[in-house]
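Taken verbatim from TrEMBL:
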COMPBIAS  537-546  compositional bias 'Polar residues'
COMPBIAS  553-567  compositional bias 'Polar residues'
REGION    537-567  region 'Disordered'
TRANSMEM  165-187  transmembrane segment
TRANSMEM  226-246  transmembrane segment
TRANSMEM  252-274  transmembrane segment
TRANSMEM  304-322  transmembrane segment
TRANSMEM  328-345  transmembrane segment
TRANSMEM  357-377  transmembrane segment
TRANSMEM  441-461  transmembrane segment
TRANSMEM  473-495  transmembrane segment
TRANSMEM  501-519  transmembrane segment
Amino acid sequence: MVIHLREVHHELRLKPVGLSFWRNRYNETRICPLPAGREQSIRYNGTAVPILYRIDYDGTACTRRFVDGEYAFRNASQFEVSQLKKYGAENAILLIQKGRSFIPRWHDYLFSEFHDPYINATEAIPTFFLYAHVFQNKIMGLVRDQRTSELELRFHRPPGGPIDLSLVIIWFLAMGCVFGGGVWAFFRHRAGKDKVHVASNSSNSQSDSSDSFEGRCRCLAKHSHYLAIIVLMIFLVGVLMVGFFFRPVLVTIFNILVVVMGPVSVYICTMAVFSNIPLCQCCTSKWCTWVPQHRWLPKGRPSMIQFLVFALSFCVCIIWFIYRRTPYAFILLDFINVTICLNILKSLRLPSVKWIAVLMICMFIYDVVMVFVTPFFTSSGCSVMLEVATGIDCSSSGTDGYPMPPIDAALPEKFPMLMQVPHFDPMSSCLDLEIEKGFQMTILGLGDIIIPGYLVTHCFTMNGFSERVRISYGILCSIGYGLGLILTFIALALMNMAQPALIYLVPCTLLPPCLMACIRGHFRLLWDGGEDLTDSTASLKPNTDDNAGPQGDVTNNEESNSLRQMW
């Protein structure tokens with residue numbers, strides 16, 4: 001699922017205006033008392049007028065109307081803006097006293113989603129909110145000898161780009177995991193490290209056996225993939241339901257899993273990189289060789305580089321766990337999640353496209369139901385998937401319609417199995433992270449990477465095909481995944497709501513290799529799988545049979561050399 005948590009703002013450029021004070025009294029920021037006598041003839045044409053956002057009761061009739069009744073304060077901001085409009089002000093500047101507790105359990109702060117729902121935007125003059133101390137220190141600090149006529153204000157909101165760069169970064173992270181995992185699996189397959197047994201379709205393999213035990217084993221092997229997929233879907237639905245009703249428990253469990261699985265994944269990926277760096281080959285001396293061998297200890301002893309890499313990997317995950325609620329913790333989490341995806345994709349394989357297609361279609365239905373169907377059954381009308389991923393109840397709002405400052409809200413912890421990238425908003429420099437408690441994020445679930453990534457990895461490693469053919473299928477499948485992710489982002493922008501990414505990724509990833517196999521006449525072998533070549537380098541040997549099928553479609557020596565240079 002892809003979520004783009006962003007409030008829509010329009011580009012704002014207004015003409016320069018001067019600064020005037022209410023009732024023409026220098027630094028007067030209280031709306032009450034109202035103008036009387038000759039003050040009623042004052043007009044503030046072409047200027048902005050600063051007024052305190054909250055109206056405090058001072059015993060007068062002007063302020064009493066905003067304290068008589070529990071919700072009377074709601075009308076204060078509209079009253080202030082209407083008074084400024086009545087006297088010809090060009091703009092209203094409502095000054096907020098930072099951190100003031102005007103009502104119980106509520107503090108006045110400015111944050112990214114702040115707005116006053118009780119100001120009629122269609123009839124009001126342009127209204128801006130500013131901290132009172134910022135106005136006094138930054139703006140009034142420019143005024144000399146109370147000559148406000150020399151001051152000119154210009155309100156400007158820089159426009160955002162046509163594309164939020166967070167989507168681009170998410171795209172590259174996902175593509176890097178999918179394509180990188182496929183290429184890594186390709187080299188492991190070449191080295192013979194991932195042998196997968198596929199039942200042969202020959203007459204010998206289909207002959208009846210007199211041994212009933214062997215018959216039961218074949219039956220179990222035949223249906224084991226069905227059972228595995230059924231168990232997986234039941235497990236996923238169960239996990240989602242646990243997350244919906246007991247979300248803090250599930251988040252804690254997955255946080256612990258990240259700390260447990262993360263160091264292993266980071267270690268494996270880091271050592272894979274270091275194994276290709278000659279400088280790291282000098283640190284291969286074994287440690288702890290003095291420890292006597294025991295059956296509970298590993299046969300080998302870690303080298304210095306292995307020990308240091310694992311220690312650093314463990315430290316990275318521990319640091320993330322400790323600081324996971326801080327705004328910049330997403331950087332470490334994204335790094336850990338990338339290594340987890342790469343480690344899973346390079347290691348796990350299914351025997352044929354048939355089983356991968358069944359899994360992807362089941363996940364397709366699962367994503368659609370959990371995002372689009374579950375809102376009809378929840379009391380809040382919210383998607384189960386969205387609530388579990390973000391912890392945010394889409395039906396909730398701030399007290400009395402006001403958005404609640406994040407610092408006052410009990411913000412739930414985000415699910416850790418997500419890629420997260422903050423929006424590249426030109427207004428990000430204005431965010432107060434102490435108040436915001438984090439960035440507005442674009443998020444992508446790891447399932448949207450791993451499930452299609454299985455197919456990409458399979459295309460790079462499937463049995464019965466030469467390396468050249470496997471590379472072509474793998475690249476085509478990767479391109480399809482990238483296009484599917486782009487379609488997801490387009491749907492996200494058009495619908496302005498969370499999207500189940502698999503409804504776009506599954507067809508875009510699954511159809512291209514199937515169509516290509518139909519055109520080439522490889523579909524049956526692609527769909528059912530084939531026996532692996534006994535020699536891991538057999539696909540590099542020249543083909544002497546001109547009429548051979550895909551299983552005999554191997555590259556010649558010249559092509560093999562070019563492939564070695566390419567990969």
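Each Cβ is built from the backbone N, Cα and C atoms, and glycine gets one as well.
At the 8 Å Cβ cutoff, the transmembrane segment (357-377) and the transmembrane segment (304-322) share fewer than 3 close pairs (sequence separation 6 or more) and do not count as touching. Long-range neighbours of the transmembrane segment (165-187) within the same chain, counting only residues 6 or more positions beyond its ends whose Cβ lies under 8 Å from a Cβ of the stretch, are 2, 4, 194, 272, 334, 338, 341-342, 344-347, 349, 419, 421-424, 441-442, 444, 448-449, 452-453, 456-457, 459-461, 467, 470-471, 474, 477-478, 481-482, 485-486, 489, 567. Contact check: the transmembrane segment (501-519) against the transmembrane segment (441-461) gives at least three Cβ pairs closer than 8 Å, residues 6 or more apart, which meets the contact criterion. For the transmembrane segment (441-461), the residues of the chain that approach it from at least six positions outside its boundaries are 1-6, 164, 166-167, 170, 173-174, 177-179, 181-183, 185-186, 188-189, 194, 330, 337, 340-341, 344-346, 348-350, 352-353, 356, 359-360, 363, 389-390, 414, 417-423, 470-471, 473-474, 476-478, 481, 484, 501-502, 505-506, 509-510, 513, judged by C-beta separation under 8 angstroms.
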